[in-house]
Amino acid sequence: MDKFRVQGPTTLQGEVTISGAKNAALPILFAALLAEEPVEIQNVPKLKDVDTSMKLLSQLGAKVERNGSVHIDASQVNVFCAPYDLVKTMRASIWALGPLVARFGQGQVSLPGGCTIGARPVDLHITGLEQLGATIKLEEGYVKASVEGRLKGAHIVMDKVSVGATVTIMCAATLAEGTTIIENAAREPEIVDTANFLVTLGAKIAGQGTDRITIEGVERLGGGVYRVLPDRIETGTFLVAAAISRGKILCRNAQPDTLDAVLAKLRDAGADIEVGEDWISLDMHGKRPKAVNVRTAPHPAFPTDMQAQFTLLNLVAQGTGFITETVFENRFMHVPELSRMGARAEIESNTVICHGVETLSGAQVMATDLRASASLVLAGCIAEGTTIVDRIYHIDRGYERIEDKLRALGANIERVKGE
């Protein structure tokens, strides 16, 4: 397995170009199964999960090509089962189910894999499809969905806010007969992006970005060209990298209005932040950040995917900061690893209490999930001495060429090929 070797401390400064959002690209790739004509998807990040999704679409009979953009022609899809060997590495595969049953009347997906953070069941996807009229069976480790004729529009009230299930229901409802209303829908920018992609193909969707999405079913979806929005979590990660190293950064190809909660906390930490239409700059003017209190919650509140990075910020900040995680359980696996580097923190149920220290020292640490591992790499950039981050396949699932981008900012980081 590959590792990163990072030499610190360094001050990170310069420019970085933000990639397309993984969490929008994946649902959009699967939503392309609904289209009867070719689609072109631009600004798709080059990531392991994206490659897996493209492979899965090919196995279903879609023509998939990548030359800068991703081109998908799903007109000849003739296989309706997403097999275990691909699904086991990536839980996003569940998003194949809604489009398959909506367009072809049948679909089956092996139960998914992915990061191991707490309970992320597929129940909400299943109950949503059932409310649209699908029959669901769980057999031999597969979720099997079928419907006679078309799905039927329904008024669906989600038990809890779920990005994944909102995507599934919204995609399936585009081809259902009649109108579907999703109450307590997720409001994430990636949901809005997926909805806008579907609208490009001819879907009728209103209310995306609010907690009530209305979908008027149409008979078919055509083709189109669509550009995936910038990755707000990658943007936030690089902003934190500059903040903790007392540096300055310009993020290009960014979308500032998707990061309001994060930018507010960075300003509280003492960062000087400016934004333009598609850029964000941060300058610490050489100062150490101040500790901030953060509580994660569904969008538009502070994103759980930025929690590990802000935990690190607090651990090297002036003062004491509290970080409360309300979205996923078991999401503080980076804290013991950071403690090995000299961080001072206590975990009390779903809150981590961070006591800022002046410096961290390099150590051998292990990545446990995608965002936690990014925080370990950033810690290595500012720690005294050498840090080895093991199991970085987690990082490759969500960050495009993170080491190249960090190197361009002055980090001393190299990928060490594993056995």
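Heads up, residue numbers simply count up from 1 along the chain you see.
Cβ atoms here come from the backbone N, Cα and C positions, even for glycine.
Annotated features, as they stand in Swiss-Prot:
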{"type": "BINDING", "residues": "Lys22, Asn23", "note": "phosphoenolpyruvate binding site"}
{"type": "BINDING", "residues": "Arg91, Arg120, Pro121, Val122, Asp123, Leu124, Lys160, Val161, Ser162, Val163, Asp305, Val327", "note": "UDP-N-acetyl-alpha-D-glucosamine binding site"}
{"type": "MOD_RES", "residues": "Cys115", "note": "2-(S-cysteinyl)pyruvic acid O-phosphothioketal"}
{"type": "ACT_SITE", "residues": "Cys115", "note": "active site, proton donor"}
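Features as recorded by Swiss-Prot, highlighted on the structure.
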residue : record                                        : Cβ within 10 Å
Lys22   : phosphoenolpyruvate binding site              : 24
Asn23   : phosphoenolpyruvate binding site              : 25
Arg91   : UDP-N-acetyl-alpha-D-glucosamine binding site : 18
Pro121  : UDP-N-acetyl-alpha-D-glucosamine binding site : 12
Asp123  : UDP-N-acetyl-alpha-D-glucosamine binding site : 12
Lys160  : UDP-N-acetyl-alpha-D-glucosamine binding site : 9
Ser162  : UDP-N-acetyl-alpha-D-glucosamine binding site : 22
Asp305  : UDP-N-acetyl-alpha-D-glucosamine binding site : 23
*asked:* Distance check, please: Cα of Lys160 (UDP-N-acetyl-alpha-D-glucosamine binding site) against Cα of Asn23 (phosphoenolpyruvate binding site), rounded to an integer number of angstrom.
replied: 19
*Integer Cα-Cα distance in angstrom, Ser162 (UDP-N-acetyl-alpha-D-glucosamine binding site) to Asn23 (phosphoenolpyruvate binding site)*: 13
*About how far apart, in whole Å, are the alpha carbons (Cα) of Pro121 (UDP-N-acetyl-alpha-D-glucosamine binding site) and Asn23 (phosphoenolpyruvate binding site)?*
18
*asked:* Can you give me the Cα-Cα distance between Lys22 (phosphoenolpyruvate binding site) and Asp305 (UDP-N-acetyl-alpha-D-glucosamine binding site) in Å, rounded to a whole number?
replied: 12
*asked:* Can you tell me the CA-to-CA distance separating Asp305 (UDP-N-acetyl-alpha-D-glucosamine binding site) and Asn23 (phosphoenolpyruvate binding site), as a whole number of Å?
replied: 11
*Determine, from DSSP, whether Asp305 (UDP-N-acetyl-alpha-D-glucosamine binding site) sits in helix, strand or coil.*
helix
*Provide, as an integer number of angstrom, the distance between the C-alpha atoms of Arg91 (UDP-N-acetyl-alpha-D-glucosamine binding site) and Asn23 (phosphoenolpyruvate binding site).*
12
